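Read through the structure below, which is laid out as structure tokens, and then see the notes.
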């Protein structure tokens, strides 16, 4: 180990620099050896056993890896505490700092931190995989804030964290107890006060209630608001340690306070060199020595290039600690900003400047503040630098157009210290090319103050507001001067990003503007010039060409109106602008999310019916909960990586593994010829190969598996395997499959009722309409990637595995088949999974099948964990669908007949696609009475990775088609869709098109309760009034019902087993066949057992799901697990109680433990196996009749949205969801499921778009998935939650068909998010009406900003025509 060298020697930077690096982790001193420069902080933390910090995406897009770093600034004599993405931070970049992970702030043994406690109590953790990241983001905010943060600051600090389970509302509620707010809302009050006496207003509902008491009233039925925990406050604050909330919190290590910072010269694998200079001179010397070296601060761009783009940079220079590059000087004429200044610091200084300087001087600063708000997640802004963003020269940089527009000057320095000034508008030369010679670096940026009558404005439109790259952005400036009583343009700058290979100035438009009077004539002329000034080529990368063109015009139109309004008190054209036009520039005031949860508590026994927190919540908030990838590999363990096809359809000519075999750490490559048993697998039929032998039928198909000593070495070796192909024709879309008659064999299905043709021809039908509905797929985006650890026992006589799967039984079966072993010798265990949603039901199996081969042959443990981009590319998604409908109806709107053709895109294997199609066919009536129906369905074979189960399993697709034609009937008859829906509702005794009679139908009471709750008629009137007064912002409202059948549609799957043990200390161990994936299944099962034995919930423990305990278990799917496994556990409990009854009758035992001891003494068997089959099920496809479902879960939802018709941006102002869940076994968990499903549904309906290399997206390589990570695929974030989010569970309707009168909840709420989709369409209808268009129009889902904007016809989109339809991968 080298020693610290004195600074004079370090002037000769290079090999002589220090080789020692020190880091503190959770208060523990770590000396970092040389040779680790290739590691990220996350990799290091997980290597040393701190697995609470998770790998979710590896690109800083999900926040699961968030940790807090503390760094002492000797110059300012204070500490900075901030959240970062550990997956991007190079290990050596945090040298000399204190890193705190989720394990460091609290644990079960020593006590939870208030942040952890609050999140656990508020039901803010479901699967728990994202939880440590949320905890650390909030913790970092609290440590760094001298006073309590505002609710807005809390929302902003979570913008870089994603959750797929909760819907965010409970997380926000949990953290708001730390906010600067009215104490009386949260603080403890005298218990003697009644609701009336205290006049307490619930912070969630805004209405008087008794939620503050925190304890549910112990009666049969009670209105229950989720109680808020007490308000937390810091116990101390210092400049070094920040805020401390608990006595045991970690302080900043004293050694780091005293330690002088030193230069570093360290290395990594593959010749990587890492330097940390401390002076500008050292940076310049290094840059002279290594002209191609990459300068970095936060590694947010270089890290992505090295990981995702596989670019090798041999020399990295960290400039984070160079004082000359970190200057922030506020001067009389502007502000000087060092190139290494972090974006969060830039935002802070701008906010300070705005409060201190004259209003007219800070127009530019305000534009930067607003653009930085939406630039990225907090973790990225905390480390990304000004210079890094500039010199990356991304064509979609949010800041570069603003630097260019605002007259910024860049100071560039060379190796000799010579400085030259470059205007920002001249700095960008081409795609990722800037005006920097070899050896030059960007030193600083000078931003001048804006002048009187100079206005600067930012613009950005992305798929999602929070943490998203721009589709188009802009920076615009105009400088006006008075001339003859008019305001004339003296100077202007209009700069766009996202329209060319670089940020580009509209020079012709600028020339046109100069000298012109600022009026309507100028506006129209400028728009005309702009159309020809900014040209986007038809084949431009990124697509959406028409949308991007429209945004260039919309942004300038907004800028014109904004400047006109800003010129208050002067002679301007303000009078010429009608107030309705000003809606174009009216900022949307997004208020804090308020949630209301209304349900009754029906207690049954000690636990059932109680809103208990998730049993693993305290493990999850502390990072102690273990997932598959957290399983440690023994020293001889190997890591696996897949060799994947790069062609969508081809014959394999040869596989050359010579490059892989010479790769470091290589241990073996295994292909089809190496499989000991069967190479064929499949969910329903064996139509997939473990390893492709002769043909590949999609990009991402597995050809082989490579094992090596580390995951990185395995991936490196896999990339070196060269496969030679003979390419064959490929099919990607449903439309192409229909043309080519490319269908999976034996998948044609038919359902019918009545006589459709006769009805269409009869006089009863007032009108017959026909149309098509197409809908895109959806990525599951479970936060935990697919993962399996597999090992042999007794030299390969047995095989065991830990897998992240919803179906351990399938892993057991296919591993046994592939290895040629009996199933009895293969064991699969699953403790918990970090989200599944159907994506881990069957598509996790082929990974285990691939990994088991090297493990078995080499007799060594093997772990395989997919990178996020690979996971998304190869494991399948929700099916895209095409529906062709023909509907006949009466003059009043009563539906008489439906003729429907359904097609889904299965991909290259059948998987569960036929069952998904069948579900869609069964659900094509949604909740409507249709006397005559004919449905034909086909499963399309395409050369895409096999699609699979996803929450709803085809039901949402079938229902969406129904709601589309309902909405179209409403347009045809000039009625509201809600009116058409109501008159067509099914009711008690209705018979479906598959012959099942509806019993206990609660649709009417649900619908009426929702209507009353949301005051629909009033909401409709208010939206209409708003739309009359606003031309460019529109509001829409909608109410939508759902009817979701509960059961597997394959009869034999409706069975469940459980094992219950009673121990002599009175505790109970339960094992069942279901998998805990965040849905609270284990918690509900424990409640069933506790209530059955009349013991406390704490006395029941649920063991992991394992195939050697419960055999032949069905997948945890179809929303049926609580029903089935709850009943199986209850069966076992009843058996045990029956055995114990004779002993119990002898005397009054003081405790359950005493009774257990007495039974044991009498040799009573205290272990029982329970079993349950769902009764009265059976459907015959030949007759098309039978009982498909045990019962139905009914629901309805209302939504109100506001859209910006010029950009397509939208906000969900309110969502009100009602569900009939019988007597809920755990209302808090059920509410969490409703909210999570709704927000996930909102993603499918309005945000999440899969883009494949197909005819619609020719700029993507054929068959490749473009949207394969959080950078390009956008699930809902905190900012997408409805501002008013109400959830109600229908009261007084027990379900006679399921355990404890409850109902299934996982999937039914998903479709209710279509209320947002149809509210968006309602708002678009209002916008089109302003343009004189009242005809029906199609709106595909997802209703992204592109689809919303392009449907809102106006003068900017008119040239495209009224029937323009953005492209969609279907």
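Cβ coordinates are placed from backbone N, Cα and C, and glycine is handled just like the others.
Noted in TrEMBL for the protein shown:
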DOMAIN    19-105  domain '2Fe-2S ferredoxin-type'
BINDING   57, 62, 65, 87  [2Fe-2S] cluster 1 binding site
BINDING   127, 130, 163, 165  [2Fe-2S] cluster 2 binding site
DOMAIN    267-452  domain 'FAD-binding PCMH-type'
BINDING   295-302, 375, 385-389, 398, 442, 460  FAD binding site
BINDING   806, 837, 951, 1118  Mo-molybdopterin binding site
BINDING   841, 919, 953, 1049  substrate binding site
ACT_SITE  1307  active site, proton acceptor
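Once the Cα atoms of 841, 919, 953, 1049, the listed binders of substrate, are compared pairwise, the greatest separation found is 17 Å.
Long-range Cβ contacts of residue 388 (FAD binding site) within its own chain (separation 6+, distance under 8 Å): 295, 296, 297, 298, 300, 301, 339. Comparing residue 57 ([2Fe-2S] cluster 1 binding site) with residue 442 (FAD binding site), their Cα atoms are 31 Å apart once rounded. Ranking the binding-site residues 127, 163, 442 by the distance of their Cα atoms from the Cα of residue 65 ([2Fe-2S] cluster 1 binding site) places 163 first. The Cβ of residue 127 ([2Fe-2S] cluster 2 binding site) has 29 other Cβ atoms within 10 Å, all protein chains considered. Of the candidate binding-site residues, 127, 130, 385, 442, 837, the one lying closest to residue 62 ([2Fe-2S] cluster 1 binding site) when CA atoms are compared is 130. For residue 87 ([2Fe-2S] cluster 1 binding site), applying a Cβ distance below 8 Å and a minimum sequence separation of six or more within one chain yields 40, 42, 55, 56, 57, 58, 59, 60, 65. Every protein chain considered, the tally of other Cβ atoms within 10 Å of the Cβ of residue 295 (FAD binding site) stands at 25.
The DSSP breakdown of the domain '2Fe-2S ferredoxin-type' (19-105), given as helix, strand and coil counts, is 14 helix, 31 strand, 42 coil. Other residues of the chain with a Cβ within 8 Å of the Cβ centroid of 127, 130, 163, 165, the [2Fe-2S] cluster 2 site, are 125, 126, 128, 129, 131, 164, 166, 783, 834, 835, 1078, 1236. For residue 951 (Mo-molybdopterin binding site), applying a Cβ distance below 8 Å and a minimum sequence separation of six or more within one chain yields 837, 838, 1237, 1240, 1306, 1307, 1310. Listed in sequence order, the binding-site residues near residue 1049 (substrate binding site) (C-alpha within 10 Å of its C-alpha) are 1118, out of 130, 163, 442, 1118. For residue 1118 (Mo-molybdopterin binding site), applying a Cβ distance below 8 Å and a minimum sequence separation of six or more within one chain yields 953, 1046, 1047, 1048, 1053, 1307.
If you draw a 10 Å sphere around the CB of residue 1049 (substrate binding site), it holds 20 other CB atoms from the protein chains shown. Surrounding the centroid of the Cβ atoms of 841, 919, 953, 1049, where the record places substrate, the chain contributes additional residues within 8 Å, namely 912, 915, 916, 918, 949, 954, 955, 1048, 1117, 1118. Residue 841 (substrate binding site) sits 16 Å from residue 127 ([2Fe-2S] cluster 2 binding site), taking the Cα positions as reference. Listed in sequence order, 833, 836, 838, 840, 841, 844, 1075, 1077, 1115, 1116, 1117 are the same-chain residues at least 6 apart in sequence whose CB falls under 8 Å from the CB of residue 806 (Mo-molybdopterin binding site).
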